Amino acid sequence: MSIGEILGGVLATGVLGLLQPNLPGTKITVEAPARKGWVLYTVQPGDTLSAIAHRYRVDARAIMYSSGLQSAHLRPGQLLRIPLVDDTPSEVRLPPGVRAYIVRPGDTVESIARRFDLTLLGLVSANPELKSLDRLEVGSTLYIPTGEPGLLVRLKPGETVHDLAQRYRLPLPVVARANGLVSPTEVGPGDLVLLPGVQAKATYERLLQIQEAERRAREEERRRLAEERRRQEEARRRQIAEQRRAQLQTRSPAQAQPQLRRANAVVAAAGYRWPMTSFTITTYFGRRGVFQRFHTGIDLAAPVGTPIYAARAGQVGVAGWSRFGYGLHVVLDHGGGQETLYGHMSRIVVRPGQWVERGQVIGYVGSTGWSTGPHLHFEVRVGGVPRNPMAFLP
């Protein structure tokens, strides 16, 4: 055995106590750590960092970290601080005011915080390695502060409680008391140290941002799937109607005409429905007289308060007051350049950006804007150009 190894074995019994100041009012009994702590080793001629790491069964990077090395090159006589590692798996030491909780199916960070009467920030501070507020792996461990809250930090190889106290500007006696420490050798690499009063605000804010991004992604996926289902259903209904229409066209005109009209209605109805169930058409699409302006939609008269339904699924592009005479109005974007407009409402019940399904109530009949009586002005636009709604309705 080399002189360096003998010296290391001797120093291992007392060097930890010398490096850490005594806690006021506490008698520290330093014993030789069988598996935790470190030894001081003097580099011998021919030694390499990898050989020393292999001899002590420790990662070479841990030796560099604990010894403050900038390079793996060693010189004879150099002192190394080698962390001792347990040869067998051992339980992580928990501070007295912390308990372990095993995640169950359906658990979220919020539900666990509620169960133990904690704030989200308090629970995140005790678990700063969290990756998500919503997705927890069943069977994984969360740490629950049952006493004084704070930041729970896992001790790295070569790191001491004194190092943590200095880094977070906490008095060493306060940290020792929060962790129930009498001797610094009671904690080693992998153990958890509670830093009382410290909060993981940056981690919490990052997790909130991740949560919002995940929520938006789920909402976007829901919309995409709804639109895909709508398109598939529309295509299926059109295909059936086209097949039926092709069959009818082989019959005589007198026999086929009534059923052909119904087939045409199915083709139109695959995408659109009437925006009200009870109404009277008072004005049609087109020019209303020689000296009257072109009417860009159809007017459906009904009592004030009659429900108005989305003629087709889509996203609300506009919901509010119009500068062009429509009063309270809604514009739905159905994709593919198609839009529908609903004017002169008495009340709107949707908001811009909201996704609405075909047949969903979007507002109620009124007489706002340039209106001579309660009615719905209904438009269909393709590429921004008004088209005759009758061509799209069943």
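Glycine is no exception: its Cβ is also placed from the backbone N, Cα and C atoms.
TrEMBL entries are annotated by machine, without manual review.
Database features, via TrEMBL:
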type	residues	note
COMPBIAS	229-245	compositional bias 'Basic and acidic residues'
DOMAIN	39-82	domain 'LysM'
DOMAIN	99-144	domain 'LysM'
REGION	229-260	region 'Disordered'
Per-state residue totals over the domain 'LysM' (99-144) - DSSP helix, strand, coil: 14 helix, 8 strand, 24 coil
Three-state composition of the domain 'LysM' (39-82), taking helix and strand from DSSP: 15 helix, 8 strand, 21 coil
